[in-house]
Amino acid sequence: MDNAVDRHVFYISDGTAITAEVLGHAVMSQFPVTISSITLPFVENESRARAVKDQIDAIYHQTGVRPLVFYSIVLPEIRAIILQSEGFCQDIVQALVAPLQQEMQLDPTPIAHRTHGLNPNNLNKYDARIAAIDYTLAHDDGISLRNLDQAQVILLGVSRCGKTPTSLYLAMQFGIRAANYPFIADDMDNLVLPASLKPLQHKLFGLTIDPERLAAIREERRENSRYASLRQCRMEVAEVEALYRKNQIPWINSTNYSVEEIATKILDIMGLSRRMY
């Protein structure tokens, strides 16, 4: 019997709701269900909390199925309103805090917006992350080769293999200064490592992709073009992989990995520190 059903899932917080989303998604991924996600950040007063409660109740009365509610709310009066709803409510942070409180014999001091908000203690980290994002945008797709020595990692690969989204994820999620450099069709007749990258070989990391997947992605961008042909994609991938092997550049095939997985593998292989924000 197939127990998979459609469920409405709420992620609610008096802050950004990022924590509720991340932990809630992790939990829901364990179940064979199709979900409709509703994220409601900054539920900071009773009026908004009552509106959220009404939204949860309306879905319950429409579907006859209790919405799942993952919440992270500091103020008890706001929590109380959400708990009065027809949803199945789970305080995802408290589920972890309570046993830790017992283990450490220490009372928590919850403060709204502490996880992702700005305060004097994390302002320098925030500025560093913004600087990493600015750097990554300025060094996307080989736009600029200046200050490459300031990069923490330089991603290489053919067009449309995932360099840009991975670079941006590294910058936004971990504050990593990630440049990326494309190998284009004109490079393939005599593909060599550019002179500007040779002194930085310890920072280079290659991405590759299955030619069939690459062709499908390129076809969406330039239909019926040589650029998107399977023959061209096979040739480019083969040449780039040979370059990686020749120059002993670490690399992975991005075909079956999400951006999050690719970024995590890069951090691990390159020994880069994970800095969460």
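A Cβ is built for glycine as well, from the same backbone N, Cα and C atoms used for every other residue.
Annotated features, as they stand in Swiss-Prot:
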- Gly157, Val158, Ser159, Arg160, Cys161, Gly162, Lys163, Thr164: ADP binding site (BINDING)
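Everything Swiss-Prot records as a feature, shown here on the structure.
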| residue | record | Cβ contacts under 8 Å, 6 or more apart |
| --- | --- | --- |
| Gly157 | ADP binding site | Lys163, Asn180, Pro182, Phe183, Gly206, Leu207, Thr208, Ile209, Val240 |
| Val158 | ADP binding site | Pro182, Phe183, Ile184, Thr208, Ile209, Leu214, Cys233, Glu236, Val237, Val240 |
| Ser159 | ADP binding site | Pro182, Phe183, Ile184, Arg218, Tyr227 |
| Arg160 | ADP binding site | Ile209, Leu214, Ile217, Arg218, Arg221 |
| Cys161 | ADP binding site | Leu207, Thr208, Ile209, Leu214, Ser254 |
| Gly162 | ADP binding site | Leu207, Ile209, Ser254, Val259, Ile262 |
| Thr164 | ADP binding site | Asp140, Asp141, Asn180 |
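Excluding Gly157, Val158, Ser159, Arg160, Cys161, Gly162, Lys163, Thr164 themselves, the residues of that chain whose CB lies within 8 A of the CB mean position for the ADP site are, in sequence, Asn180, Pro182, Leu207, Ile209. DSSP classifies Lys163 (ADP binding site) as helix under the three-state reduction. DSSP assigns Gly157 (ADP binding site) to a strand segment in the three-state reduction. In the structure as shown, the Cβ atom of Lys163 (ADP binding site) sits within 10 Å of 27 other Cβ atoms.
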